[in-house]
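Read through the structure below, which is laid out as structure tokens, and then see the notes.
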């Protein structure tokens, strides 16, 4: 069957990894570097029929914007006559499957996953993005069991001054204010979902569960659950603080970071950066430039120039694939505060995304496949407004003033 392999752009498509609402996810290999990627095929007709065009645009936009070791990476987007293809970092598993397989975890194992999740969520909030659909199924795992947050289709940008009122996400992991249709700021709903995830990892079951949705909602709104005796006092305190029905009284991400349970064995690269710490972009790796020079045939000057360009291009994609593969092989686990600095620095500014990208056209057919990057300005008919509770976000500079879409 090897002769039936499909080639799309610079990728050989190998096999189907899964089937989603809008299409299939396939394993592919980058023909130049030989590195594996996941290709998410999104059927244009399906998303148009289901009125999900805005959701797809959002996910592409946010994944292009976010650069963090525990957020799934989007390398490029390829447009086809029938599909939009997101070429993404390949993660082999889900936290959900690991929980199903192992049942409850010991506190050390659960804490390691939780630390990665919280720091990635904090990074999103720092950039004023709320995920709103955090659950084990959306937490992918790389070969070294590092968390990669995925599926940003329900995310929204947070803008000071307004409150969001959109009931979304998965019922078992949704906060009381979400399922009740009440106004909420954003970050606190992610905190609740993280609390449910931590509960599941430690207890091997959901804190709130019922097959009958109205009964499930009643349990969530009541905030009544039981904690097993084998959980430590520190973990119980953290869970009880995260699963508070009143969002104004719920613990914040910053406060979670300060708890004794969270900080046990916290890797250096996940520790907060000092306010005065200077952040540097990753330096270009000359050895990788040489590798691309040999494999792609471009001169080194051309490669250096391409890596400095704002627009995405085939050289940048190949370079990033090699970088990611080397990090995984040599490290297994990312370590060192300097690595975190480079991830924080590597996020492109929102202005860059707004003014220097061209749009993904999801409405018209294309004659040829093309590699594109989404425009930062996403236009949707419906808008949501969001406001921030004073305790919701870390003190960061106000730099996102954009329309929200739902």
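Even glycines carry a Cβ here, placed using N, Cα and C.
From a predicted model like this one, the values you see are computed outputs, not experimental measurements.
The domain 'Protein kinase' annotation in TrEMBL covers 11-262. Under the heading ATP binding site, TrEMBL lists 40. Taken from TrEMBL, the feature domain 'UBA' covers 283-325.
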Key: Where residue 40 (ATP binding site) sits in the secondary structure, as DSSP reduces it to three classes   = strand
Note = DSSP composition of the domain 'UBA' (283-325), residue counts helix/strand/coil, works out to 32 helix, 0 strand, 11 coil
Query = Average pLDDT across the domain 'Protein kinase' (11-262)?
reply = 88
